[in-house]
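Features as listed in TrEMBL:
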- 41-75: domain 'LRRNT' (DOMAIN)
- 1-20: signal peptide (SIGNAL)
Amino acid sequence: MILKVCTSLLLLFLVNSVWTRTVRQVYDDLDPDHWSHYTSECPQECFCPPSFPNALYCDNKGLKEIPAIPARIWYLYLQNNLIETLSEKPFVNATHLRWINLNKNKITNSGIERGVLSKMKKLLYLFLEDNELEEVPAPLPVGLEQLRLARNKISRIPEGVFNNLENLTMLDLHQNSLLDSALQSDTFQGLNNLMQLNIAKNSLKKMPLSIPANTLQLFLDNNSIEVIPENYFSAIPKVTFLRLNYNKLSDDGIPPNGFNVSSILDLQLSHNQLTKIPPINAHLEHLHLDHNKIKSVNGTQICPVSIALEEDYGYYGNIPRLRYLRLDGNEIQPPIPLDIMICFRLLQAVVI
(Lines of atoms letter the chains of each structure in order from A and count residues from 1; the text may use other names and numbers.)
(Lines give C-alpha, C1' and ligand atoms only; values in the text may rest on other atoms or scores of the structure.)
Protein backbone atom coordinates (compact mmCIF):
# COMPACT_ATOMS: atom_id res chain seq x y z
CA MET A 1 0.00 0.00 0.00
CA ILE A 2 2.83 2.39 0.88
CA LEU A 3 4.38 1.66 -2.53
CA LYS A 4 1.09 2.53 -4.24
CA VAL A 5 0.78 5.80 -2.32
CA CYS A 6 4.39 6.71 -3.11
CA THR A 7 3.72 5.92 -6.79
CA SER A 8 0.70 8.25 -6.81
CA LEU A 9 2.66 11.04 -5.13
CA LEU A 10 5.56 10.54 -7.56
CA LEU A 11 3.13 10.79 -10.49
CA LEU A 12 1.75 14.07 -9.11
CA PHE A 13 5.32 15.38 -8.72
CA LEU A 14 6.23 14.45 -12.30
CA VAL A 15 3.04 16.02 -13.69
CA ASN A 16 3.76 19.19 -11.71
CA SER A 17 7.35 19.23 -13.01
CA VAL A 18 6.18 18.95 -16.62
CA TRP A 19 3.61 21.69 -15.97
CA THR A 20 6.27 23.96 -14.48
CA ARG A 21 8.64 23.40 -17.40
CA THR A 22 5.82 24.16 -19.85
CA VAL A 23 4.98 27.43 -18.12
CA ARG A 24 8.63 28.44 -17.93
CA GLN A 25 9.06 27.68 -21.62
CA VAL A 26 6.19 30.06 -22.40
CA TYR A 27 7.94 32.80 -20.42
CA ASP A 28 11.32 32.13 -22.07
CA ASP A 29 9.80 32.41 -25.52
CA LEU A 30 8.35 35.85 -24.82
CA ASP A 31 10.04 38.83 -26.43
CA PRO A 32 10.48 41.72 -23.94
CA ASP A 33 9.58 44.06 -26.80
CA HIS A 34 6.04 42.65 -26.65
CA TRP A 35 5.53 43.58 -23.01
CA SER A 36 4.18 47.00 -23.95
CA HIS A 37 1.51 45.23 -26.01
CA TYR A 38 0.56 43.09 -23.02
CA THR A 39 0.32 46.17 -20.83
CA SER A 40 -1.85 48.04 -23.33
CA GLU A 41 -4.49 45.29 -23.46
CA CYS A 42 -4.50 44.83 -19.69
CA PRO A 43 -7.85 45.84 -18.12
CA GLN A 44 -7.35 49.14 -16.32
CA GLU A 45 -8.81 47.70 -13.10
CA CYS A 46 -6.20 44.93 -13.01
CA PHE A 47 -2.46 44.33 -12.93
CA CYS A 48 -0.53 42.45 -15.63
CA PRO A 49 3.00 41.69 -14.42
CA PRO A 50 5.52 41.67 -17.31
CA SER A 51 7.37 38.79 -15.65
CA PHE A 52 4.18 36.69 -15.58
CA PRO A 53 2.39 37.58 -18.85
CA ASN A 54 -0.09 34.69 -18.65
CA ALA A 55 -1.51 35.98 -15.36
CA LEU A 56 -4.09 38.66 -14.67
CA TYR A 57 -4.44 40.06 -11.14
CA CYS A 58 -7.81 41.68 -10.46
CA ASP A 59 -8.04 40.76 -6.78
CA ASN A 60 -8.93 43.20 -3.97
CA LYS A 61 -10.21 45.86 -6.39
CA GLY A 62 -13.81 46.21 -5.23
CA LEU A 63 -15.01 44.92 -8.62
CA LYS A 64 -18.70 44.22 -9.13
CA GLU A 65 -18.24 42.84 -12.64
CA ILE A 66 -15.54 40.80 -14.36
CA PRO A 67 -13.59 42.84 -16.96
CA ALA A 68 -12.83 41.53 -20.46
CA ILE A 69 -10.13 38.86 -20.13
CA PRO A 70 -7.32 38.94 -22.76
CA ALA A 71 -6.78 35.84 -24.88
CA ARG A 72 -3.28 35.15 -23.52
CA ILE A 73 -4.40 34.67 -19.89
CA TRP A 74 -3.99 31.29 -18.22
CA TYR A 75 -4.22 32.37 -14.57
CA LEU A 76 -7.00 34.69 -13.45
CA TYR A 77 -7.15 36.13 -9.93
CA LEU A 78 -10.48 37.72 -9.00
CA GLN A 79 -10.69 36.96 -5.28
CA ASN A 80 -11.81 39.45 -2.63
CA ASN A 81 -14.19 41.48 -4.76
CA LEU A 82 -17.94 42.14 -4.89
CA ILE A 83 -18.69 40.09 -8.02
CA GLU A 84 -22.23 38.70 -8.15
CA THR A 85 -22.47 37.28 -11.66
CA LEU A 86 -20.50 35.01 -13.97
CA SER A 87 -21.46 35.64 -17.60
CA GLU A 88 -19.96 34.49 -20.87
CA LYS A 89 -19.14 37.93 -22.27
CA PRO A 90 -15.87 38.65 -20.35
CA PHE A 91 -14.49 35.23 -21.32
CA VAL A 92 -15.17 35.29 -25.06
CA ASN A 93 -11.46 35.60 -25.93
CA ALA A 94 -10.10 33.76 -22.88
CA THR A 95 -9.96 30.29 -24.38
CA HIS A 96 -6.75 29.23 -22.63
CA LEU A 97 -7.75 29.66 -19.00
CA ARG A 98 -6.26 27.03 -16.67
CA TRP A 99 -6.88 28.64 -13.28
CA ILE A 100 -9.64 30.92 -11.94
CA ASN A 101 -9.73 32.19 -8.36
CA LEU A 102 -13.12 33.69 -7.48
CA ASN A 103 -12.93 33.20 -3.72
CA LYS A 104 -14.60 35.73 -1.42
CA ASN A 105 -17.12 37.27 -3.78
CA LYS A 106 -20.93 37.33 -3.78
CA ILE A 107 -21.66 34.82 -6.54
CA THR A 108 -24.97 32.97 -6.41
CA ASN A 109 -26.19 30.09 -8.57
CA SER A 110 -28.69 32.36 -10.29
CA GLY A 111 -25.81 34.71 -11.11
CA ILE A 112 -23.93 32.03 -13.10
CA GLU A 113 -24.95 32.05 -16.76
CA ARG A 114 -25.83 28.57 -17.98
CA GLY A 115 -22.87 26.91 -19.72
CA VAL A 116 -20.32 29.63 -18.98
CA LEU A 117 -18.10 27.27 -16.98
CA SER A 118 -18.40 24.20 -19.20
CA LYS A 119 -17.19 26.26 -22.19
CA MET A 120 -13.83 26.74 -20.48
CA LYS A 121 -12.41 23.61 -22.07
CA LYS A 122 -8.87 23.97 -20.67
CA LEU A 123 -9.76 24.97 -17.12
CA LEU A 124 -8.01 22.81 -14.50
CA TYR A 125 -8.51 24.70 -11.22
CA LEU A 126 -11.71 26.44 -10.14
CA PHE A 127 -11.87 28.27 -6.80
CA LEU A 128 -15.31 29.47 -5.65
CA GLU A 129 -14.86 29.46 -1.88
CA ASP A 130 -16.63 31.99 0.37
CA ASN A 131 -19.45 32.88 -2.00
CA GLU A 132 -23.26 32.58 -1.84
CA LEU A 133 -23.76 29.29 -3.70
CA GLU A 134 -26.63 27.07 -2.59
CA GLU A 135 -25.76 24.12 -4.83
CA VAL A 136 -22.80 22.83 -6.80
CA PRO A 137 -22.73 24.81 -10.06
CA ALA A 138 -23.41 22.90 -13.25
CA PRO A 139 -22.35 22.05 -15.87
CA LEU A 140 -18.64 22.09 -15.09
CA PRO A 141 -15.55 21.89 -17.36
CA VAL A 142 -14.80 18.22 -18.06
CA GLY A 143 -11.04 18.73 -17.62
CA LEU A 144 -11.18 20.06 -14.06
CA GLU A 145 -8.57 18.71 -11.64
CA GLN A 146 -9.49 20.72 -8.54
CA LEU A 147 -12.85 22.13 -7.46
CA ARG A 148 -12.95 24.18 -4.26
CA LEU A 149 -16.39 25.17 -2.96
CA ALA A 150 -15.75 25.57 0.77
CA ARG A 151 -17.68 28.01 2.95
CA ASN A 152 -20.73 28.51 0.78
CA LYS A 153 -24.36 27.63 1.55
CA ILE A 154 -24.47 24.45 -0.51
CA SER A 155 -27.26 22.08 0.50
CA ARG A 156 -27.83 20.40 -2.84
CA ILE A 157 -25.67 18.52 -5.34
CA PRO A 158 -27.43 18.27 -8.72
CA GLU A 159 -27.80 14.78 -10.13
CA GLY A 160 -24.97 13.84 -12.50
CA VAL A 161 -22.96 17.02 -11.89
CA PHE A 162 -19.72 15.02 -11.46
CA ASN A 163 -20.41 12.31 -14.06
CA ASN A 164 -17.86 13.49 -16.63
CA LEU A 165 -15.18 14.83 -14.29
CA GLU A 166 -12.78 11.91 -14.67
CA ASN A 167 -9.72 14.13 -14.15
CA LEU A 168 -10.87 15.62 -10.84
CA THR A 169 -8.42 14.73 -8.07
CA MET A 170 -9.59 17.13 -5.34
CA LEU A 171 -13.13 18.10 -4.28
CA ASP A 172 -13.56 20.48 -1.34
CA LEU A 173 -17.09 20.96 0.01
CA HIS A 174 -16.26 21.69 3.62
CA GLN A 175 -18.26 24.14 5.73
CA ASN A 176 -21.47 24.06 3.75
CA SER A 177 -25.02 22.92 4.62
CA LEU A 178 -25.02 19.34 3.35
CA LEU A 179 -27.39 16.82 4.96
CA ASP A 180 -27.27 13.05 4.51
CA SER A 181 -30.07 13.31 1.94
CA ALA A 182 -27.82 15.39 -0.34
CA LEU A 183 -25.35 12.52 -0.74
CA GLN A 184 -26.99 9.74 -2.73
CA SER A 185 -25.42 6.47 -3.86
CA ASP A 186 -24.59 7.97 -7.27
CA THR A 187 -23.60 11.49 -6.18
CA PHE A 188 -19.87 10.96 -6.73
CA GLN A 189 -20.29 8.73 -9.75
CA GLY A 190 -17.71 9.52 -12.43
CA LEU A 191 -14.97 10.74 -10.08
CA ASN A 192 -12.72 7.83 -10.96
CA ASN A 193 -9.46 9.61 -10.11
CA LEU A 194 -10.51 11.53 -7.02
CA MET A 195 -7.76 11.51 -4.37
CA GLN A 196 -9.03 13.98 -1.76
CA LEU A 197 -12.63 14.50 -0.64
CA ASN A 198 -13.36 17.09 2.05
CA ILE A 199 -16.90 17.15 3.49
CA ALA A 200 -15.93 18.46 6.93
CA LYS A 201 -18.11 20.99 8.78
CA ASN A 202 -21.44 20.00 7.30
CA SER A 203 -24.51 18.41 8.92
CA LEU A 204 -23.96 14.73 8.23
CA LYS A 205 -25.17 12.09 10.68
CA LYS A 206 -24.07 9.10 8.59
CA MET A 207 -20.95 8.14 6.67
CA PRO A 208 -21.45 9.28 3.05
CA LEU A 209 -22.46 6.71 0.46
CA SER A 210 -20.33 5.47 -2.43
CA ILE A 211 -17.07 7.34 -1.90
CA PRO A 212 -14.91 6.98 -5.06
CA ALA A 213 -12.74 3.87 -4.81
CA ASN A 214 -9.44 5.69 -5.45
CA THR A 215 -9.88 8.20 -2.62
CA LEU A 216 -6.72 8.57 -0.52
CA GLN A 217 -7.78 11.37 1.83
CA LEU A 218 -11.26 11.55 3.39
CA PHE A 219 -12.06 14.45 5.71
CA LEU A 220 -15.31 14.29 7.71
CA ASP A 221 -14.48 16.42 10.76
CA ASN A 222 -17.12 18.50 12.53
CA ASN A 223 -20.22 16.57 11.55
CA SER A 224 -22.58 14.52 13.75
CA ILE A 225 -21.61 11.02 12.63
CA GLU A 226 -22.45 8.33 15.18
CA VAL A 227 -21.87 5.01 13.38
CA ILE A 228 -19.27 3.46 11.08
CA PRO A 229 -21.05 0.81 8.95
CA GLU A 230 -19.62 -2.72 8.87
CA ASN A 231 -16.94 -3.12 6.17
CA TYR A 232 -17.36 0.53 5.16
CA PHE A 233 -13.72 0.95 4.12
CA SER A 234 -13.62 -2.14 1.91
CA ALA A 235 -15.22 0.03 -0.79
CA ILE A 236 -12.38 2.57 -0.55
CA PRO A 237 -9.36 0.26 -0.28
CA LYS A 238 -6.79 3.02 -0.86
CA VAL A 239 -7.86 5.43 1.87
CA THR A 240 -4.72 6.55 3.70
CA PHE A 241 -5.70 9.67 5.69
CA LEU A 242 -9.00 9.55 7.57
CA ARG A 243 -10.25 12.45 9.70
CA LEU A 244 -13.33 12.03 11.90
CA ASN A 245 -12.55 14.58 14.59
CA TYR A 246 -15.45 16.39 16.32
CA ASN A 247 -18.16 13.84 15.65
CA LYS A 248 -20.36 11.70 17.95
CA LEU A 249 -18.66 8.33 17.66
CA SER A 250 -19.00 6.00 20.65
CA ASP A 251 -17.68 2.47 21.23
CA ASP A 252 -21.02 1.01 20.13
CA GLY A 253 -20.89 2.91 16.85
CA ILE A 254 -17.66 1.27 15.70
CA PRO A 255 -17.66 -2.35 14.40
CA PRO A 256 -15.10 -4.72 16.03
CA ASN A 257 -12.60 -4.20 13.21
CA GLY A 258 -13.97 -0.98 11.80
CA PHE A 259 -10.58 0.76 11.72
CA ASN A 260 -8.45 -2.35 11.36
CA VAL A 261 -7.67 -1.37 7.78
CA SER A 262 -4.20 -1.88 6.33
CA SER A 263 -4.35 1.14 4.00
CA ILE A 264 -4.99 3.71 6.77
CA LEU A 265 -1.76 5.39 7.90
CA ASP A 266 -3.22 8.45 9.66
CA LEU A 267 -6.40 8.07 11.75
CA GLN A 268 -7.89 11.05 13.58
CA LEU A 269 -10.73 10.44 16.08
CA SER A 270 -10.24 13.42 18.40
CA HIS A 271 -13.20 14.98 20.25
CA ASN A 272 -15.57 12.02 20.10
CA GLN A 273 -17.16 9.87 22.83
CA LEU A 274 -14.90 6.81 22.89
CA THR A 275 -14.10 5.11 26.20
CA LYS A 276 -11.52 2.71 24.76
CA ILE A 277 -9.06 2.52 21.90
CA PRO A 278 -10.62 0.71 18.92
CA PRO A 279 -8.65 -2.12 17.24
CA ILE A 280 -6.08 -0.76 14.80
CA ASN A 281 -3.93 -2.21 12.06
CA ALA A 282 -0.19 -2.78 12.31
CA HIS A 283 0.36 -0.39 9.36
CA LEU A 284 -1.12 2.63 11.17
CA GLU A 285 1.48 5.36 11.80
CA HIS A 286 -0.46 8.25 13.40
CA LEU A 287 -3.36 7.90 15.83
CA HIS A 288 -5.24 10.88 17.31
CA LEU A 289 -7.59 10.00 20.19
CA ASP A 290 -7.35 13.13 22.31
CA HIS A 291 -10.42 14.57 24.05
CA ASN A 292 -12.49 11.41 24.29
CA LYS A 293 -13.56 9.57 27.47
CA ILE A 294 -10.78 6.98 27.64
CA LYS A 295 -9.82 6.09 31.23
CA SER A 296 -7.04 3.57 30.74
CA VAL A 297 -4.77 2.04 28.12
CA ASN A 298 -3.77 -1.60 27.97
CA GLY A 299 -0.94 -2.18 25.52
CA THR A 300 -1.51 -5.92 25.37
CA GLN A 301 -5.14 -5.44 24.36
CA ILE A 302 -4.62 -2.74 21.73
CA CYS A 303 -1.43 -4.19 20.22
CA PRO A 304 -2.32 -5.21 16.64
CA VAL A 305 0.05 -8.21 16.81
CA SER A 306 0.92 -10.63 19.56
CA ILE A 307 3.75 -9.21 21.66
CA ALA A 308 5.21 -12.71 21.96
CA LEU A 309 5.06 -13.13 18.19
CA GLU A 310 6.65 -9.71 17.80
CA GLU A 311 9.58 -10.86 19.94
CA ASP A 312 10.05 -13.88 17.66
CA TYR A 313 10.12 -11.83 14.48
CA GLY A 314 12.39 -9.13 15.90
CA TYR A 315 12.91 -5.69 14.38
CA TYR A 316 12.44 -6.83 10.80
CA GLY A 317 9.21 -8.67 11.45
CA ASN A 318 5.65 -7.44 11.19
CA ILE A 319 5.98 -5.03 14.09
CA PRO A 320 3.42 -2.21 14.49
CA ARG A 321 4.44 0.98 12.70
CA LEU A 322 2.75 3.45 15.04
CA ARG A 323 4.98 6.51 15.45
CA TYR A 324 2.64 9.11 16.96
CA LEU A 325 -0.04 8.57 19.60
CA ARG A 326 -2.14 11.37 21.06
CA LEU A 327 -4.24 10.65 24.17
CA ASP A 328 -4.42 13.99 25.99
CA GLY A 329 -7.78 15.32 27.07
CA ASN A 330 -8.93 11.89 28.29
CA GLU A 331 -9.01 10.49 31.84
CA ILE A 332 -5.73 8.60 31.54
CA GLN A 333 -3.18 9.06 34.28
CA PRO A 334 0.56 8.83 33.53
CA PRO A 335 2.93 7.09 33.36
CA ILE A 336 2.63 5.40 29.99
CA PRO A 337 2.20 1.62 30.47
CA LEU A 338 5.34 -0.33 29.67
CA ASP A 339 3.47 -2.74 27.39
CA ILE A 340 2.62 0.21 25.11
CA MET A 341 6.32 0.78 24.53
CA ILE A 342 6.98 -2.94 24.12
CA CYS A 343 4.30 -3.24 21.44
CA PHE A 344 4.87 0.01 19.56
CA ARG A 345 8.66 0.06 19.29
CA LEU A 346 8.70 2.75 16.61
CA LEU A 347 6.83 5.30 18.72
CA GLN A 348 8.50 8.70 18.55
CA ALA A 349 5.90 10.75 20.42
CA VAL A 350 3.13 10.03 22.92
CA VAL A 351 0.95 12.90 24.15
CA ILE A 352 -0.91 12.00 27.33
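Including glycine, each Cβ sits where the backbone N, Cα and C put it.
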Q: By DSSP assignment, list the helix, strand and coil residue numbers for the domain 'LRRNT' (41-75), in that order.
A: 0 helix, 5 strand, 30 coil
Q. If you average pLDDT over the domain 'LRRNT' (41-75), what do you get?
A. 95
